[in-house]
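Report on the structure given below.
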Amino acid sequence: SKEKADGKKSKSKVGVLVECCGYPVSIFFIVVNEFCERFSYYGMRAVLVLYFKYFLLWDEDLATSIYHAFVALCYLTPILGAIVADSWLGKFRTIIYLSIVYAIGQIVMAVSAIHDITDTDRNGTPDNMTFHVALSMLGLVLIALGTGGIKPCVSAFGGDQFEEHQTTQRSTFFSVFYLCINAGSLLSTIITPILRSKECGIHSQEQCYPLAFGVPAVLMVISLVVFIAGSGMYVKAAPQGNIILQVCKCIGFAIKNRFKHRSSKYPKREHWMDWASEKYDKLLIVQIKMVLKVLFLYIPLPMFWTLFDQKGSRWTLQATTMDGDIGLIVLQPDQMQTVNPILILTLVPIMDRIVYPLIKKCGFNFSPLKRMTVGMFLAAMAFVAAALVQLQIDKTLPVFPSSSQAQLNLLNIAESGVTVTIPPNEPVVLGAGQASEDYIMFETDTIEVSLNTTSEARRFTLTKEMRQTLLIAPGNFLNLVEDKTAKPEKGGNEIRFVNALSTPVNVSTKAANYETISPLLFSNYSLIPQGKHTFNITNGVQKCEYTKILGYGAAYTILLPSCCHPHTITPCCGNIGDIEEIQPNSVSIALQIPQYFLITAGEVVFSVTGLEFSYSQAPSNMKAVLQAGWLFTVAVGNFIVLIVAELAKIPQKWAEYLLFACLLVAVCVIFSIMAYFYTYMDPAAIEAQYREEKELEPEEKEQLEMTKDQVVNTTEDVDVFSRRTKM
């Protein structure tokens, strides 16, 4: 046809064809572009849920919901991108325009994380949070449009650069292309959490989210510049129409026609799609029937993605309550996601070359649908493992007072022992510089305190839902102060000092400056990160140092004890002690490795096999339709997380993990039943049969060839892609 001839003409004339080692030079620009883009996306996404919780100060449920809404949008927009590229702009211009949108979105995200923009009182917390929320939401929408819109275009555009005889080179290109996806994912999830953990700011030093988002933004700009730099060498195929739109129109006509002929006077047809035969070719209808048969099997699949994508939300939040020190290295909570791409690169060849051949050698029929069922079961077991880890974490968490309770700690900083009586509790004996072993729980808010050193009882009013410390100082001086009633945020440690000396002191360290602490008073809490810290203590004349190694998520009161010399602090420094109010995270973050192994093994068995199964069961010109359906299941799965997080509101995280595991097991059973009744097809044979029954007209042949040309770059390489790595 004339359209096809024009397409071929434009394809042969656009671009200067330059080859190196048998490969078009243009593909090197595309490979670098993909690496930078994937680094940008996964780097931003790695720290996103922590940004929601610790910068925007959202609770875990809201942070999880918005995270998954963003991921779902990223998997819906590829359908839009494919339609725009195939029907209007072409792949090249679609990639350019949406990459610009993408880069702007990343820059907006980086700007939204600069707390100094609205931090007028310079305390490290933005004063106009609405401004930062609005900017971040705008940035995420732009990023979703960009990354999703270019997703179906870049790989296909790379395939367009090869001639028909370069099948080997094209296969190698797709191997390298998808290796770049995993390399970008791996490196970004290692680097951006490190950047986030640094402190930066103009007026106050806070966790450096602007840098964690800024580096991905720079990589996206580089990705765009590199892609544009190769413009003169690209082969740019003209848009030839989108098969997805054609399928939708055919299905829509069949439904409309069936509804118009719903009366019993019209004879029934074998399949409801046959009602489209008045307008559409019989071969197209048969191809759509084959696609619908596979899409029906897709119905239970979203539940797998519901569990799988929580490794970037719930599992990252779980890691914030764990000990990241595993000996040789210290892991940030968001760095645990690197386990997934590492295991992907390891397990895919092991499965393909060892496990599957071994199963086949043993005589078992491990069909694709059986593999997918096993993958879903492994994902369910991953969440059982996550629930067991959560139970271990819960055992180490402090018991905070409820809305009808108050908790009290006793601290004696006098130079001699004291006996404290608070009815109806037993008397508590405290030595000099000693605190009670644990918090005392009270159901009433009014207590009477008496000491053995005085006959007078003092009345105090406790605050419900709060922890407080009663300070007992020399001269029967009593002071009631508030303690922390939640685990410290960001995995840091809340540290304060109490001065039992008779002179004011100043305490400072690299992470905080406590300024002057008056005698017999507490300092404010300061958030100190994990690691070894040296505190400098001075009274203006003399000074000493106190060193403490801190873990994750603890709270301490450090006691500067009184001594016999009122104007010197040096003899007292050796007696400095600490009172542990909240114990540090003690469950090792390494315990998450089994759940990551199970979810990744499930991904390899489920996702890679599912893509290969879809490819084998789809007609030659319908690969794009099934790919769109596959991406849609990912989006629906993320919407399910959003719904559960907002509606279920399960207080116990381990129970929520078990709920998801049980749901996936139930879906797994349903899918296995559906798979049992599924009959495998040979689309090529079915198409050949219908071609024999009806000899195609020359124009129809031309149209069929055009459709084949349109999808050749994706259909020939999906198989290569599915055998090597994840989408």
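Cβ from N, Cα, C; glycine included.
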12-33, 342-363 - the range that TrEMBL marks as transmembrane segment: 12-33
Cβ-Cβ under 8 Å with the transmembrane segment (95-117): same-chain residues at least 6 beyond its ends: 37, 40, 44, 51, 55, 81, 89, 124-126, 131-132, 135-136, 138-147, 149-150, 153-154, 157, 201-204, 206, 209-210, 212-214, 216-217, 220-221, 223-224, 227-228
Distant-in-sequence neighbours of the transmembrane segment (129-150), which means Cβ under 8 A and at least six residues beyond its ends: 37, 41, 44, 51, 55-57, 70, 73-78, 80-81, 84, 94-95, 98-99, 101-109, 111-113, 115, 117-118
Chain residues in Cβ proximity to the transmembrane segment (290-308) (below 8 Å; excluding those fewer than six residues from its ends, i.e. six or more beyond): 247, 273, 369, 375-376, 379-380, 382-383, 599, 602-603, 606, 610, 613-614, 617-619, 622, 625-626, 629-630, 632-634, 636-638, 640-641, 644, 660-661, 663-664, 667-668, 670-671, 674-675, 678, 681, 683, 686
Segment proximity, the transmembrane segment (624-645) to the transmembrane segment (69-89), 3 or more C-beta pairs under 8 Å: yes
Remote residues contacting the transmembrane segment (624-645) - C-beta distance under 8 A, at least 6 residues beyond either end: 61, 64-65, 68-69, 71-73, 75-76, 78-79, 82, 151-152, 242-244, 247, 291, 294-295, 298, 301-306, 308-310, 313, 610-611, 614-615, 617-618, 656, 659-660, 711, 714, 718, 727
Spatial neighbours of the transmembrane segment (176-196) far in sequence, C-beta under 8 Å, 6+ residues away: 30-31, 34-44, 46-47, 50, 155, 158, 207-209, 211-212, 215-216, 332-335, 337-338, 341-342, 344-345, 721, 724-726
